[in-house]
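Here the structure is laid out as structure tokens; the discussion comes afterwards.
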Amino acid sequence: MEPYTLLLFIFVIQIVKQIISAVGKQSIESISWVLYCRVAPKFGHSKLASMSQKSSQLRTVAGERRAVSAQDQYAKWTKLNRQHDKLVAEIEQLQKEVDLDKVKVNTFTGYLIAILTSIPIWFFRVWYRSVVLFYFPPGILPRALEWSIALPFTVTGGVSLTVWMMAAGAVASSLTFLFMFPFEKAVPKPVLAKKSPQQL
């Protein structure tokens with residue numbers, strides 16, 4: 001891989017990593033689950049489709065049961081009540097199964113986040129640890145600085161991948177902060193407490 005490609009690729013990964021950090025892993029998991037719930041029934045996910053159907057039936061039965069007097073139409077009310085209890089039990093069982101699916105979706109989302117952010121960083125850090133991304137002209141920087149930006153495995157005068165990762169991470173963090181700052185909740189202005197006569 002060419003050095004300039006590494007430069008761009010690492011910077012993009014750092015941007016994605018900062019965006020994920022700003023949005024929050026839990027928010028991404030929630031979005032993933034909502035998308036899964038919308039898409040899965042279209043591909044024959046029986047649990048979600050059955051749960052939606054039974055929930056609709058439960059609302060219908062509950063409405064009919066409320067409209068029937070237990071004293072005047074006891075047999076009909078009892079039948080509706082049994083249907084109601086049966087549907088509630090079935091929905092609870094389906095909910096447990098759906099909760100297990102949610103755990104699987106969240107686990108998959110976590111793996112996907114790791115694949116997109118952490119794993120590439122460690123791979124490049126090991127595989128391209130001695131690659132010089134670019135050079136500074138000799139004498140333009142102090143000798144100690146030239147030596148430090150080449151750490152840990154690059155020749156003096158060159159910029160190592162590790163240093164570029166830190167620089168790209170800092171820039172990505174600053175850009176994310178500047179973008180997210182207008183959307184942050186306003187901090188209330190502090191009010192000075194009035195001093196009592198005894199404190200004066």
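Using the three backbone atoms N, Cα and C, a Cβ is placed for every residue, glycine included.
Database features (Swiss-Prot):
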type: TOPO_DOM; residues: 1-6; note: topological domain 'Lumenal'
type: TRANSMEM; residues: 7-26; note: transmembrane segment
type: TOPO_DOM; residues: 27-113; note: topological domain 'Cytoplasmic'
type: COILED; residues: 75-107; note: coiled coil
type: TRANSMEM; residues: 114-134; note: transmembrane segment
type: TOPO_DOM; residues: 135-158; note: topological domain 'Lumenal'
type: TRANSMEM; residues: 159-175; note: transmembrane segment
type: TOPO_DOM; residues: 176-200; note: topological domain 'Cytoplasmic'
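Long-range contacts of the topological domain 'Lumenal' (135-158) within the same chain, counting only residues at least 6 positions beyond its ends with a Cβ under 8 Å from a Cβ of the stretch, are 129.
Within the chain carrying the topological domain 'Lumenal' (1-6), a Cβ under 8 angstroms from the stretch's Cβ atoms is held by residues 124, 128, 131-134, 161, 164, all 6 or more beyond its ends. Only residues 6 or more beyond the boundaries of the transmembrane segment (159-175), in the same chain, are considered here, and those with a CB under 8 A from a CB of the stretch are 6-7, 10-11, 14-15, 17-18, 121, 124-125, 128-129, 131-136, 148-153.
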